[in-house]
Amino acid sequence: MQLSRRDFIKGLVAVGSASVFLAGYSETVDRLVKPRYTEVKPDSVGRIVHSACLGCNVRCGIRVNVVQRGGMEVVERISGNPYHVYNRYVSKEKQSRRYEPLPYNTPITEGLKYSGTLCARGEDGIHYLYDPYRIIVPLKRAGPRGSGKFKPITWEQLINEVVNGGVIEETGERLPGLKELFAYGILSEAGFDANAVLSEMKKDVDAIMEIAKDDTKSYGELTEAINNFKAKWSAKLGEKGLKLEDILIDPDRPDLGTKANQLVYMRGRGQGHADYFYQRWTYAFGSVNWLRHTSSCQLGYYAGNKIWSGYHDVQADPIGAKLLLMVGAQMGRLHPGATGQGLIVERAAEGELKVYYVNPTAPRTTANGNIVWVPIRPGTDAAFAMALLRVMFERGYYDAEFLSYANTDAARKAGYPLNTNASWLVIWEGDRKGEFLKGEDIGLGSDNPVVYAGSFVTNDSVEKAEIFFDGYVETKEGKRRVKSALQILKEECFSRSVEEWCEICGVDVAVIYEIAEEIRKAMPNCGTIVHRGAGMHTNGEYNVWALRCIDMLIGNIHRKGGLMTRASHTNYNKELYYVDKSKFGEPVRWGPPIDRHKVAYEDSLEYWMKKKRGENPYPAKRPWYPLTPEESYTEMFAGIAEEYPYPIKALIMYYANPVLSANFGVKFIEVLKDTSKLPLFIAITTSINETFLYADYIVPDTMYLETGTMGINYLYATSASVTLAEYWRSPAVMPMTQLVGTCPNGHPKYASMWEFLIDIALKLKMPGYGKGAVKGVGAYDGQKFDLYCAWEYIMYVFANAAMDAKKRGLIPETVSDEEVDFVEKNYPIARFKDIVPNEWRYVAYGLARGGVFTRYEDSFDERGYSKRKPWTDTVYFWSEKLAKARNSVTGEKFYGGPKYLPPATYAPLGTERRFYGTPLREIYPESQYPFLVVPPGSPLFTKHRSMFYYWLKQVMPENFAVINPEDAEKLGIESGDVIKIVTPTGELEVVAAVEPTVVKGTIAIPVGMGRWADSAVKKPAYFRLNDGSVAALVSELPDGASLPSDAVNPVKQLDETKKRILFTKSDRRYYDDLGIDSWRFSGVTPNVVACVDTSLDNWPLLSWIGAAQVYFFIPAKVEKTGKRKKFEMPNVWW
């Protein structure tokens, strides 16, 4: 009998400690799982499409096999795309060391002989397409919000009511239309040149803000300027029958912007051209509120990186590294995911790579002893970094030459791609503490930073300077103490002994010294891979920055094995057809976003009005986040609830489920249920989840094997470390949602996000849509092209990319008929080649390979530096921007460098004033809550959008709480016991799995389950909440499904045999009649009882700087329930 890899792994996981098993049986394991490969030939009766997966957000390539079944095309199989840099090709000759994709120029007929690796999630994408709970027609609420009652409406009614307003007939509620908020349209209909008016109005607002920030101007002068503004524009608008309040949110606060800002577009999972498309739409509406779910994704990691590097996504090159420190980065989950990270495991198993896996949970493989688990206490990652940095400083394990270069030109002249600010001097006392000493401060007539190089000089006047300096300098303000940026870091590291740092983080002292020695041997070809486990804490940005100081010290940046950002991509938005997200004639917009990201409180009129009245401007009503690179779920909902900084009238939410995916996101139900705070809520989705249950309108969307998220996308850092990489996603099958019309150019339109936004834009007459709405650029300069449907937009994108790739020499000048014929016979999108006839042959070449990719071996110069352009000039050990930024509640300045700070609230609960709040362990001491719950990701499931993965659910039908054996023994807990986890916000019951794969004092509950709404509703019984208001809303949930049968379930169209194959373990009521199958709503999520910030009205806990959701710090105690549950250890797969 040949043991399959899947069967073997299932058996392997049954062993309590996989690492112990592997240690003794590695040779046997190697023989058992060594696969046999045969050439895979194309199906003679089917189609093959190379596209991109969206089982998670890693963006691997896929090969989709489509065949005829019962007269209908169906997806039969999904495997890996061998051309894609993540999947890596497989052949009989490459059964190990599978590190490379197929060469990009491999003819498609040859490429079809090979396959690429792919994880289980990618293979089970079939069940996302064929999901009985999918919505296929537009729906309208037919009862109170949250009742679960919806009725089908026509596409035309949907568009008309969203634009002009509608009525919930069953309750009598009036729903506003977007037309009421479309300031550009209101001005245009009145006969104004809308953008001329808005542009002049914004200039006037800017002038008001200049007066506000001028210390010589009084409160009276400021109010006079505002009154003059109101008088001017009331008169101008009145000439054509308009009032100022028809255009502005609040004429007394003109800095808040136009009424268009009262529309929020919030997306959950985003992909390249879906993102560009609806960002373009939001800007065409004139709103600043295009928001993303990043606070629930990796925003702490992003914000931390942005501070020190100027770019948000930076990781170590896993292909060229000799050593990796994976800190808070989960094996098999983080980019490049289970598929791409197979390369890390394989390199480690082959002895080419050493990995230290610093995480509260184990990696579940030792790779022949080369992946070493370093258990750590949640939230103490900066303490670990400080211990390691201290040893590196003590032993001189750093690149002093690299660190000494004071400016970028000098560093590049010496062969480095950039410099650090290690030598820049920081003022260390007085009101300007934390700011850089500038040339003008000491009479040098320059605003450049000052360094010490035998004397005090500006950094641009010398090549090298002292990296360790602590002394005094005479300034215009008197004698001041100054320190170099690296001196400050060194002193922070030496503020505690290695033993004291280890006492905080729980890491063995000997391990710190061991890692330091391994760094010495591997530098500079080593680096850190950091992610959610370190970043998604209140102190997350400081954690990330402290860890990245390891990389800066050894000078590994922008080189093989070291830190790199994302690969570049083609000019896919503006090579020939200008489809970029801005500068297409959109309305002028201004004002702070509702979540206040990238905007300082000190730049608001609210702040300056208070200050000029002589009031303390602090606290602000909610925090502002000037240094975060992206947006926040929690602060969006808090802003809506508190109407701060202004009320919101309409929310369009796409591909999202914040109620379940955010920590304590159940609080958001209060906002979603309240029609006075949120008058219009539109959901664009494939099914009705826990958030969309409260929507007024449901727009059916397509998924990624259809037109959903089609287009081109970059890959996350390091993008396999190549110079250019992008996937091209095109449909494998045509959409199963309703055909809603034909565009004027004869192309079919299917119900989806794409066509909904286009049709709304056409009805509102938004700029950038319709006849001649897309301008030609480059070779097409002066020409205009139509935008009436999704196919036109996407074909312009593919044409742009293909022609740029041709210009770069990646797509050949002459494309063979064989390549074009393959695409025209296999790809549904080929039927729209008429849109880009001149570029079609080159588009076909890229489509045939699922994207454009370069090769790793061509991506570095002879010295090992990346051929990519460096993303920045300088990286930072100290940030003046952060040191000058203030906590919006206390008004205190943030600390401007890497530092260990305990996880804490945003503001102190008492009278103390500082830039961070009360430590959480003071509020929730270990004596009351001895455990911390963490929610690691699962290699099988993706947060809370994986319930349709039928095959995966058979492997892992529910999740569990993993508890360390020593903790379990003290509590008398065994695997299979149902335990009660009690947190400050509530309690949940979950089955226990006793394993040594989690650090003592920590409980791990893999996320991805615990659902209660997905078109059908199954009232949750596994948790109880302490918040009476939220608990009452949960108790009001309906139980069951009340959707019309013709509104859902595209599976009914399939051949009976195909249905039985797809759903082998389910009653036909599940796939024919929307019956509730128990596996769909099994398991738990710890998010419902996660921590809140008691200093901010009990909203979900966030990071201080980036507003990231805090997932990995849930204080808890454990109680036995006396109940047991049948529990199969082979199903412990996380």
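The backbone N, Cα and C atoms fix where each Cβ goes, and this holds for glycine too.
Residues or ranges marked as signal peptide in Swiss-Prot: 1-31.
Here Swiss-Prot flags 46-133 as domain '4Fe-4S Mo/W bis-MGD-type', drawing on sequence analysis.
Annotation comment: Swiss-Prot describes C53, C56, C60, C119 as [4Fe-4S] cluster binding site, evidence class sequence analysis. Under the DSSP three-state reduction, C56 ([4Fe-4S] cluster binding site) is assigned to coil, being neither helix nor strand.
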Other CB atoms, at most 10 A from the CB of C119 ([4Fe-4S] cluster binding site): 23
Where C119 ([4Fe-4S] cluster binding site) sits in the secondary structure, as DSSP reduces it to three classes: coil
Fewest-neighbour residue among binding-site residues, criterion Cβ within 10 Å, set C53, C56, C60: C56
